[in-house]
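Per TrEMBL, the features are:
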DOMAIN    35-259  domain 'AIG1-type G'
BINDING   47-52, 66-71, His161, 209-210  GTP binding site
BINDING   Ser51, Gln69  Mg(2+) binding site
Amino acid sequence: MASQLIREWVGIQQFPAATQTKLLELLGKLKQEDVSTLTILVMGKGGVGKSSTVNSIVGERAVAVSAFQSEGPRPVMVSRTRAGFNLHIIDTPGLIEGGYVNFQTLEIIKRFLLDKTIDVLLYVDRLDTYRVDNLDKQIVKAITDSFGKEIWKRALVVLTHAQLSPPDGLEYEVFFARRSEALLKVVRSGAKIKRQDTWGANIPVVLVENSGRCNKNENEEKILPNGTAWIPNLVKTITDVTLNGSKAIKVDKKLIEGPNPNRKWKEFIPLIFAFQYFFIIKPIQKAIKNDIAREARPAWEMRDTGSPLRKY
Ligand code: GDP
Ligand code: MG
């Protein structure tokens, strides 16, 4: 991350004055806590609005957005600097292909992240999806297996398409609460977060509406149906997660190539092989040898009856 290559964060000036003021306040708060660089990793399925959310945060069209799932196969890092503060947002390709987690894509993402530190994970999905399924759990599991369970202490769930009228006459807040709880349940089980790990219940869920048709308040700020100006709210939650006292995730060779951080049993694999060899394979070999030795004579004698070469 050579700082001389970072572009000035001009997109911030595109925001209405009220949003700019709040964002600069939050950057000031981070700098006060000695945080002058923030690296945000954005992950999720394809087409959920990851790239659009990246663009919304930086305030410019930094990465390509597509209605059809033809994202590039590689992650893209958008870096911007503003008053001594460096923001890096890593947009990634969708993790699902043909109904399965694409582990090749995950591998590419991991290599891209080598030697970087993830300060915050944005796990993106849509608000207007009414069910969670096993696939959601598989993605969470894949992320956890790659970066360790601790990454969820640095995570926030982002729900796009937040400007909606809930089905079945549900109130907006009730619908949001239900969708959040369903997703968080999947996150907790996919990441194997234990019940006693209270932080698992406190992973924040934030609403986002990337559409140009998003409603605005009197200050021209984009707002959610509940009136919240969502860009400052998202950046505030990112700031809170950054300062929540948990450790950022350093992606080093050990994390990428070493044993799965969540599967401690992996170290025992050679031992299991040795056990199998001495207690299963060896006894079987011995038993076979014994059988052969025992059967050798009678089999020979029986098979040879009638042979023209018989000598007796
Ligand atoms: P990605 O594959 O996760 O990066 O998703 P994209 O950002 O490329 O978005 C996929 C499609 O959904 C595009 O057509 C976007 O315009 C649209 N989209 C993304 N976020 C929102 C949102 O919050 N609201 C609405 N209405 N459309 C969105
Ligand atoms: Mg994308």
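Just so it is clear, glycine is given a Cβ too, placed from its N, Cα and C backbone atoms.
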Ser66 (GTP binding site) CB neighbourhood, other CB atoms within 10 A: 12
CB contacts for Gly47 (GTP binding site) [other CB atoms within 10 A, all chains]: 16
Lowest local Cβ density (other Cβ within 10 Å) among binding-site residues: Ser51, Asn210: Asn210
Lowest local Cβ density (other Cβ within 10 Å) among binding-site residues: Gly49, Phe68, His161: Phe68
Sequence-ordered binding-site residues from Gly49, Ser51, His161, Asn210 with Cβ under 6 Å of an atom of ligand 2: Ser51
